[in-house]
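Each remark here refers to the structure printed beneath this line.
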Amino acid sequence: MVNISTINWVFVCGLSFCLGGIAVLSLMPLGSDCVCPLSNPLAKLAGGGEGVSVIKKEPADEKQPQPHDHGASVHKMALLVPFRDRFEELLQFVPHMTAFLKRQGVAHHIFVLNQVDRFRFNRASLINVGFQFASDVYDYIAMHDVDLLPLNDNLLYEYPSSLGPLHIAGPKLHPKYHYDNFVGGILLVRREHFKQMNGMSNQYWGWGLEDDEFFVRIRDAGLQVTRPQNIKTGTNDTFSHIHNRYHRKRDTQKCFNQKEMTRKRDHKTGLDNVKYKILKVHEMLIDQVPVTILNILLDCDVNKTPWCDCSGTAAAASAVQT
């Protein structure tokens, strides 16, 4: 297991070497189970030379990570973090969320859903994959942006009611989005409800709108969105939004017939037909916190959703990775 501490003077580019997007540092050599030594300039910074390593496991052999049991909770939450090239944010996210959830006694485990193909980012499909991976052990999920950190301890990450999903980052609290049907940022969903809605649409490549389509799924399933009550903080002090729009530019490009198709309710795709391959499962420590990273290769049918690859080059590049 790799022990990653927050080292501000080292720039680490997101999971590029063995993780397909995160450069990994370990301050001491690991045992014989470790593979993939990194022979690169970062190894010298780590002081470990060839001992800079990560543990890689075949998905078929992977045992489900057990949650951190911080209390008497009978429920277990899988914290699903869709991810690509956000390692600096992840180094803040993991210790912050662990301390936050520990104060609430929430049994949980963090799963980083790392998209390593060359298609455009697909947050919804990654969540579908993460749910399939974790749902045997965990009875509810948190769909959680890596750049949104809760500050108010009254935001309870509790097991959602039978009414429907619990939206932690509601429009009256989120620092940026304030429309009534907004369900993005942080949404907690029961296992049975996510299955009932057939998860999320797989058609949303690039940034935005997948949450709006998911709101329609919630409504069509006869469920309701609930939100925390009696929160005294507001849009400026409930969350820390660590997204830098200049450093982390969003992929808002629209190509082919994407704009038209992604404004419709998707009745064809979801949890039951997301196409992917988990290339590797990595168990890591970030500030002594166990984290599971799934290297996920998503598949795209360019005949049905050509906007997954506006450049026309991603399909060939992804084929090389398989």
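Cβ coordinates come from backbone N, Cα and C, glycine included.
As written in Swiss-Prot, here are the features:
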TOPO_DOM  1-9  topological domain 'Cytoplasmic'
TRANSMEM  10-30  transmembrane segment
TOPO_DOM  31-322  topological domain 'Lumenal'
BINDING   Pro82, Arg84, Asp145, Val146, Tyr177, Gly185, Trp207, Gly208, Glu210, His241, His243, Arg250  UDP-alpha-D-galactose binding site
BINDING   Asp147, His241, His243  Mn(2+) binding site
BINDING   Leu209, Asp211, Asp212  beta-D-xylose binding site
CARBOHYD  Asn236  N-linked glycosylation site
DISULFID  Cys255-Cys310  disulfide bond
DISULFID  Cys300-Cys308  disulfide bond
Cα within 10 Å of Cys255 (disulfide bond) - qualifying recorded positions among Pro82, Leu209, Cys308: Cys308
CB-centroid shell, 8 A cutoff, Mn(2+) site Asp147, His241, His243, site residues removed: Glu89, Asp145, Leu148, Pro175, Ser240, Ile242, Asn244
Mean of the pLDDT scores, which run from 0 to 100, over the topological domain 'Cytoplasmic' (1-9): 48
Closest of Pro82, Asp147, Asn236, His243, Cys310 to Asp211 (beta-D-xylose binding site), Cα positions, recorded positions only: Pro82
Alpha-carbon spacing, His243 (UDP-alpha-D-galactose binding site) to Cys300 (disulfide bond), which is rounded to whole Å: 27
Remaining residues near the recorded beta-D-xylose site, that is with C-beta within 8 Å of the centroid of the site residues Leu209, Asp211, Asp212: Gly184, Tyr204, Gly208, Glu210, Glu213, Phe214, Phe215
Which of Glu210, Asp212, all binding-site residues, has a Cβ with the fewest other Cβ atoms inside 10 Å: Asp212
Candidates Asp147, His241, Cys300, Cys308, Cys310 (recorded positions) - the one closest to Trp207 (UDP-alpha-D-galactose binding site) by CA: Cys308
By Cα-Cα distance, the member of recorded positions Pro82, Leu209, Glu210, Cys300, Cys308 nearest His241 (Mn(2+) binding site): Pro82
Per-residue Cβ crowding (10 Å cut-off), top of recorded positions Leu209, Cys255, Cys300, Cys308: Cys308
Spatial neighbour of Asp212 (beta-D-xylose binding site) that is closest, considering only the recorded positions Asn236, Cys308, Cys310 and their CA atoms: Cys308
